[in-house]
Amino acid sequence: MSASLFGTDGIRGKAGDGPLREDRVSALGAAIGHVLKGRARDPIALLGNDGRRSGTWIEAALARGLGSVGFGVRSAGLITTPGLARVGRDSGARVTIMVSASHNPAADNGIKIFGPRGVKLDAEQERAIEERLAQAPDPIESGTAPVHDPTVEQRYLELLLKQAGSLDLTGLHLVVDCANGGGSRIAPRLFARLGARVTSIGASPDGENINADCGSTHPDRLQSEVRTVSADAGIALDGDGDRCLMVDEIGRLVDGDALLTLLARDLSERRKLSEDTVVATVMSNKGLHLALARLGVKVVTVGVGDKHVVEAMRANEFSLGGEQSGHIVFGNDNALIGDGQLTALRVLEALQRRKCSLSTLASDFQALPQVLLNVQVESKPALEDVPGLLELVRAEEAELGDSGRILLRYSGTESLARVMVEGPDRGDIGARAQRIAAHLVENIARVSQERHS
């Protein structure tokens, strides 16, 4: 395995390929166990998955590896990432592992690892696991299957209900899109238990339909359903339930930037926004900065990925952070885990405090036009090594001036380059994004050819 085994959110790839080949996964389980076992005499590992067909055999392979180094292994089966991490933390699991590729298609899968306190691994722990794998350990071909633990989902539900406190959703009609993923059973139950009338969509996982035209990456279906049934709001999770986007009663999307804005206002008005500061990433729309400035709230900007958001929040004891994608983190959670259902609960609490519609609650945020292109690339050379790219970007930025911005980066989990352009005119920024994307594709191919010639 290469030194780049871990991406921005654990390990991810095509199920059955590369690091997610069954033999490599079993060796990975043993390496994880060696690094995280510590001095525990009877360590427990808690596993779960988001419903992909490959999730079951990946769990089984991990269990063989973990069992070979003395772990007892339990499985929650279908669950969300935050649900598994929270229950793992509270139950004293030495390691908690979620088998999920989050918002990716069903053919992909991934492995997210949490330590004893429900916290994602740090860089040193990841390096230690990679070093053990670099020794080319043998795959673990036999061992005990994980023991199913049917109590995990209920324990997570009780945790969420406790965090909801006195929230009463009686009289509200909510459409909940579970992305045919880990939240498919629990999310409709949660909001119904709190009194809402719930219409569920994307809540029939079959192993192949996760994130397929549903969930937070495809909100069109939710928007249409909210309009059709005249619901008060819609909630969209992603495949593993750590993201949340919402739809207002008119059917308009309320993205992560809008959610951050309304949550920041709610916390600030109640004097619960630490340092009057929100942590956001470079992908956040400039409209977020403008809206929060009007509210007297500062923004700390970090790199893409919830890991960077969490690091800034932990270092400075900030109480709110998140991403445009809907990955929102609250500082009163010791593990600082993004949880889509908890995000929805906090928005619904703010809704009741303000006694208004979601469209009114979200009206402080006005997005600047933004174009984001996901460009398939065959390799990922340093952007400064792509001939003429930085010169082109500087020329485009000079023409935009202070009215917009351009951001280029590679995906940490897929073979994609992301080209983001913001500015006052959608047609203009779309043309700029297309020029940059075309240049990127053509010249990355040229760099690859030169390296192989």
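Just so you know, glycine gets a Cβ as well, placed from its N, Cα and C.
On a predicted model such as this, the values are computed, not experimentally measured, just so you know.
Per TrEMBL, the candidate among Ser102, Ser359, Ser363, Ser379 that belongs to the Mg(2+) site alongside Asp238, Asp240, Asp242 is Ser102. Rounded to a whole number, the distance between the Cα atoms of Ser102 (active site, phosphoserine intermediate) and Asp240 (Mg(2+) binding site) is 5 Å. Between the CA atoms of Asp238 (Mg(2+) binding site) and Ser102 (active site, phosphoserine intermediate) there is a gap of 7 Å. Geometry remark: Asp242 (Mg(2+) binding site) versus Ser102 (active site, phosphoserine intermediate), CA distance 8 Å.
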